């Protein structure tokens, strides 16, 4: 039973935690299943995100349609000008938003590719409306609009790992912290662009046809990776491409039986992604607490509790 006034403060505190979670952007995992489900929850169809385990032209050319590449890397303070040229003139022609919200760079990188290929990709009503609303805004206000979009923020946050402890405090990263950042590479109007929300404008890497995109992407990303210490391996690459099930269905070289088998394999992959995303959202703290209580109760009933404690102490001492 709550004491007078206790319920009010408890409910107020709970609401403040919920509000802090709703209004903020949480960190999400760099994962093909997460990103694919994320864009589909926003209404995008016929598209999937696939993780790249090798960076070479042959791998990229295996995709029937590749719209862009998402690159995750450990951010470090720039030591000079970017490899390309800041293209301020393109701001009025393409979608480019500056990142003004913490933890939003993953979704922002995804949207930077999708919203610039709206004539080729079925974005759905939510993203089409967002693109139309922001198309005349400068980059900083595009970033503000993205950060304040409830639909996009809720879709993003729905893929955060469950955390039993929610804090409304914002931790400012220091030089000793490992900070990671997402950017996008895409081909727009036969120009190879690097879209980085921390830059004031898109970075133009020169003319590039659709056929040349794999070669240009490999050389540009390899050049970026080459600026790091050879021992640095914390990079991640994702390709945004046509849903493989559509590619398989439209492949005239396959028999109907081959198509059915390949599509079934893709469906199984999607089902596994769904299951993994369900587990990410689940808070296992309650289960762990209850199992611990049952184990303690069992040890006490068997009169082995003291022995269990001593064994735990010994293991702890050995580990130290």
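Glycine is no exception: its Cβ is also placed from the backbone N, Cα and C atoms.
Heads up, TrEMBL stuff is auto-annotated, nobody curated it.
Keep in mind it's a predicted model, so treat the numbers as computed, not measured.
Taken from TrEMBL, the feature active site, nucleophile covers 105. Cβ-based neighbour count (10 Å, all protein chains) for residue 105 (active site, nucleophile) stands at 23.
What TrEMBL records for 181 is active site, proton donor.
Under the heading domain 'UCH catalytic', TrEMBL lists 24-242.
Cβ neighbours of residue 99 (site 'Transition state stabilizer') (same chain, under 8 Å, six or more residues apart in sequence): 105, 108, 143, 197, 198. Positions annotated as site 'Transition state stabilizer' by TrEMBL: 99.
Residues annotated as site 'Important for enzyme activity' in TrEMBL: 196. Cβ neighbours within 10 Å of residue 196 (site 'Important for enzyme activity'), excluding its own Cβ and spanning all shown chains: 24.
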PLDDT averaged over the residues of the domain 'UCH catalytic' (24-242): 90
Rounded distance in angstrom between the Cα atoms of residue 181 (active site, proton donor) and residue 196 (site 'Important for enzyme activity'): 9
